[in-house]
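Novice: As annotated by Swiss-Prot, transit peptide applies to 1-21, with the evidence given as similarity to another entry. The N6-acetyllysine annotation in Swiss-Prot covers LYS56, LYS77, LYS163, LYS372, LYS379, LYS387, LYS430, LYS432, LYS445, LYS455. For GLU289, the entry in Swiss-Prot reads active site, proton acceptor. For CYS323, the entry in Swiss-Prot reads active site, nucleophile, with the evidence type sequence analysis.
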Amino acid sequence: MLRPAALAAARLVLRQGRRLLSAAPTQAVPAPNQQPEIFYNQIFINNEWHDAISKKTFPTVNPSTGDVICHVAEGDKEDVDRAVEAARAAFQLGSPWRRLDASDRGRLLNRLADLIERDRTYLAALETLDNGKPYVISYLVDLDMVLKCLRYYAGWADKYHGKTLPIDGDYFSYTRHEPVGVCGQIIPWNFPLLMQAWKLGPALATGNVVVMKVSEQTPLTALYVANLIKEAGFPPGVVNIVPGYGPTAGAAIASHEDVDKVAFTGSTEVGHLIQVAAGKSNLKRVTLELGGKSPNIIMSDADMDWAVEQAHFALFFNQGQCCCAGSRTFVQEDIYAEFVERSVARARSRVVGNPFDSRTEQGPQIDETQFKKILGYIKSGKEEGAKLLCGGGAAADRGYFIQPTVFGDVQDGMTIAKEEIFGPVMQILKFKTIEEVIGRANNSKYGLAAAVFTKDLDKANYLSQALQAGTVWVNCYDVFGAQSPFGGYKLSGSGRELGEYGLQAYTEVKTVTVKVPQKNS
């Protein structure tokens with residue numbers, strides 16, 4: 001177990017998020033194995049492991065060092081075809097999966113959650129090795145949310161159902177909620193385990209089958225979970241996992257004529273491509289959770305200490321690699337100077353380093369491409385006239401670490417105020433009135449999330465209604481629960497994940513009407 005100082009550090013991390021997971025337990029964190037053994041690096045189809053048909057592999061890299069962890073089978077169109085064929089067979093009428101009681105689907109999901117909990121320490125270490133996020137976060141935050149998500153949807157398995165309908169005439173009418181069928185799911189690298197759970201939970205609870213493409217940057221934890229899916233007792237073909245690249249494996253899923261639905265989390269640019277491919281093929285249903293440039297509005301009456309800490313967390317959590325990061329911090333002018341001063345001090349105190357060290361708050365960026373992209377945005381900010389207040393460069397000689405960076409005097413037209421940076425770069429903007437900040441906050445192609453910090457309930461309610469965003473947090477940030485839907489307006493995507501709303505995208509509603517001799521009330 002971690003010593004008391006390490007546990008205190010874990011508690012500090014959780015206080016920053018102030019219940020990112022709605023009710024994160026403060027608990028002892030087992031010491032990690034910093035070199036976890038790699039058990040699975042192949043393609044998972046029909047509950048079996050396969051090399052890629054092409055025999056190609058790709059390296060997955062430790063972002064803390066730049067060293068190759070291992071090579072992983074590189075799936076492409078032929079492998080996706082084989083996975084879809086297996087999924088389609090598992091979905092045939094009369095198959096073991098289709099014949100399974102809804103309550104038993106819930107039992108399997110609960111069993112999967114139990115197995116993940118059993119191997120939680122290993123999975124947290126593997127996630128940190130492959131992704132770079134602090135181990136304390138992997139264990140206390142990501143894995144906790146994974147377990148809650150799977151167990152939440154396990155509970156829905158036998159409770160999401162149709163209705164009887166009192167139509168006119170001598171008829172009996174009712175609805176059925178039926179599974180869509182073969183669901184293609186494409187998950188990102190910033191929260192590999194969590195995004196896998198967000199996708200699998202509602203799909204499996206409602207009786208679908210899955211072909212999942214995992215990110216080439218972070219395939220390892222998803223592949224380990226694949227083996228737990230088999231151990232839990234899911235029939236062959238119900239879940240198939242293909243590691244590979246977006247332009248090959250991802251594109252094959254999006255355009256496949258025998259895939260009934262695709263769910264994607266990632267960039268808006270790729271979301272466009274998936275939407276087009278889905279439309280050009282078989283008009284498959286699409287759920288997209290895309291980019292954001294979320295406004296975080298600090299009113300002059302806000303609790304300053306809390307607002308500074310939460311604004312810091314809103315931007316820097318997960319190395320800034322969050323689609324809903326509070327990446328436009330709007331501060332009312334009469335507290336602007338003090339807020340900026342405190343925010344810079346907080347950023348300078350942020351501990352960057354080895355993600356397996358319990359004191360670390362910030363690990364590396366995911367890869368060299370993102371590392372260079374973020375440094376390019378920092379250069380752009382300086383060139384366009386924003387004031388660099390701290391950070392601005394690499395934080396280590398090895399790996400993809402970037403200093404916590406804060407810009408002041410940011411204007412709406414600057415590149416760093418318009419585009420998603422996806423890194424530890426905070427932009428602070430000044431405003432005068434509520435009406436002004438509403439207009440500026442909504443003047444974005446994105447609409448994923450927003451936040452308001454104020455002690456005035458009228459202001460909070462007014463801003464919550466006015467902001468064009470799928471989620472608005474009041475006096476908090478990044479508070480998620482499996483019960484609450486998440487998704488975006490505008491170019492931040494379509495559809496919702498989590499909660500009861502998250503089940504809708506995975507079901508078809510069928511109306512059945514039966515002629516009866518006589519209907520009585």
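Cβ coordinates are placed from backbone N, Cα and C, and glycine is handled just like the others.
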Novice: Could you state the CA-to-CA distance between LYS379 (N6-acetyllysine) and LYS372 (N6-acetyllysine) to the nearest Å?
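Specialist: Cα-Cα, rounded: 11 Å.
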Novice: If you skip the near sequence neighbours and keep only those at least six away, which residues in the chain come within under 8 angstroms of LYS56 (N6-acetyllysine), Cβ to Cβ?
Specialist: ALA73, GLU74, ASP76
Novice: Say you check the Cα of LYS163 (N6-acetyllysine) against those of the recorded positions LYS77, GLU289, CYS323, LYS372, LYS387; which is nearest?
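Specialist: In terms of Cα distance, LYS163 (N6-acetyllysine) lies closest to GLU289.
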Novice: Out of LYS77, GLU289, LYS372, LYS387, LYS445, the recorded positions in the record, which is closest to LYS430 (N6-acetyllysine) when you go by Cα distance?
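Specialist: With Cα distances computed to LYS430 (N6-acetyllysine), the winner among LYS77, GLU289, LYS372, LYS387, LYS445 is LYS387.
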Novice: Please list, in sequence order, the residues in the chain of LYS432 (N6-acetyllysine) that are at least six apart in sequence and whose C-beta is under 8 Å away from its C-beta.
Specialist: GLN332, GLU333
Novice: Of all the recorded positions given, namely CYS323, LYS372, LYS387, which is spatially nearest to LYS77 (N6-acetyllysine) at the Cα level?
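Specialist: For LYS77 (N6-acetyllysine), the spatially nearest of the recorded positions is CYS323.
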Novice: Can you count the other CB atoms that lie within 10 A of the CB of LYS387 (N6-acetyllysine)?
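Specialist: If we count other Cβ atoms within 10 Å of LYS387 (N6-acetyllysine), we arrive at 13.
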Novice: Using C-alpha atoms only, work out the spacing between the residue listed as 'active site, proton acceptor' and LYS455 (N6-acetyllysine) and round it to an integer in Å.
Specialist: 31
